[in-house]
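Asker: I am attaching a structure below and will ask some questions about it afterwards.
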Amino acid sequence: MPYFTRLILFLFCLMVLVESRKPKRKRWTGQVEMPKPSHLYKKNLDMTKIRKGKPQQLLRVDEHDFSMRPAFGGRNVGCWPQECEVLPSLDFTMTLYLRHYWKDERLAFSSASNKSMTFDGRLVKKIWVPDVFFVHSKRSFTHDTTTDNIMLRVFPDGHVLYSMRITVTAMCNMDFSHFPLDSQTCSLELESYAYTDEDLMLYWKNGDESLKTDEKISLSQFLIQKFHTTSRLAFYSSTGWYNRLYINFTLRRHIFFFLLQTYFPATLMVMLSWVSFWIDRRAVPARVSLGITTVLTMTTIITGVNASMPRVSYVKAVDIYLWVSFVFVFLSVLEYAAVNYLTTVQERKERKLREKFPCMSGMLHSKTMMLDGSYSESEANSLAGYPRSHILTEEERQDKIVVHLGLSGEANAARKKGLLKGQMGFRIFQNTHAIDKYSRLIFPASYIFFNLIYWSVFS
């Protein structure tokens, strides 16, 4: 029994020893492993594209502390926009290329082949740049399509050119007292936020020539007259004095649009109101409707102009013209009201005379002319056949004049034919009140005189 047990243990150990010497099988992973070649082929490298040694660092950015301004502890630093290319669009909004130029000796490098080195906006975060901001700006941003529109160019002697494309919306104190015959002067102000004039000096490098604009720039409502630069010192009681740069530009408003939309319609409405002076004073519906129409049209024009204008507390030039035109239109309505009232009073007097003298109801128009007061007593006697020097007594006025005028159409046909032409003129004068006659001259002359004064003052 012990012998049999030893035999089994011997066979088991032999099987384990044989199994351990067999090669291990890899698990199938779906990939076929290719046999490795007996020798390796090495690629021939292009030796011209391999840098020998450590690359040379021209700008030693990491060796300096750029949290401090250049030449800290010594003289101040001059910094000036080299040029600003302005692309205005006008609360007002300007798109400009703002270019600064200064010297930082920490960025100087020695190079025989490179006249300058140009970088994008990534280097700006590592070096010192001027902290210029726009005074009185409402909103501003740097363009970032397709990347940040920032350029940094460094020269061997340490001079730096820093350019960026900015759109800024700033306030402009506009004076609308001469609108729309006005000219506006606006300014864009630049200033350092942290550094006073003792640390940082801002100035224009080439004066007015520092500003370069596109000659093809055109605005819908304004004409760009001129650009100029100025610089001043701004004082803050808590921090001190700061250099401030100004970009000043003068804009003159185009008048043609407002002539078509405001002045011409208002003038035509005033002239249209004068037509009522030539309409018969008995045509009440025609004259009243014409007057009301012109008044409502002027009201619409005034409302439309004020709706598109800023709400200011003073009178504008266009308000003066529109309201004076409105007054002329309104006076033409009042003129007809006076004419209609006087005509009614006159007809009421004639009606009382007819009731007092019933025999006068069959008289010709010559009677109405005399009662109308348009002719003197001597002219009426001349028409009746009496000499101009003959003056009737009170009794003769009640008898002879009535009898003569009543019989004048039957007694003398030849005299009637001779007076027919004159009676037609008298009839026209009879239907045209004296107020209408004077208004035909006074209204146009007054309005022309107002226009002469208006355009001479505001243009």
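For all residues, glycine too, the Cβ spot is worked out from N, Cα and C.
From TrEMBL, here are the annotated features:
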DOMAIN    91-254  domain 'Neurotransmitter-gated ion-channel ligand-binding'
DOMAIN    262-455  domain 'Neurotransmitter-gated ion-channel transmembrane'
SIGNAL    1-20  signal peptide
TRANSMEM  255-276  transmembrane segment
TRANSMEM  288-308  transmembrane segment
TRANSMEM  320-342  transmembrane segment
TRANSMEM  441-458  transmembrane segment
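Buried or exposed, and what's around them? Tell me for each listed feature.
Answerer: Residues 180-181, 221, 286-287, 290-291, 294, 297-298, 301, 305, 318, 321-322, 325, 328-329, 332-333, 335-336, 439-440, 443-444, 447 of the same chain sit 6 or more residues outside the transmembrane segment (255-276) yet have a Cβ under 8 Å from a Cβ within it.
If you look at the transmembrane segment (441-458), the same-chain residues 6 or more away from its ends with a CB under 8 A from one of its CBs are 178, 181, 270, 274, 277, 317, 320-321, 324, 328, 331-332.
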Asker: Looking only at the domain 'Neurotransmitter-gated ion-channel ligand-binding' (91-254), what is the model's average confidence as pLDDT?
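Answerer: Within the domain 'Neurotransmitter-gated ion-channel ligand-binding' (91-254), the model's average pLDDT equals 90.
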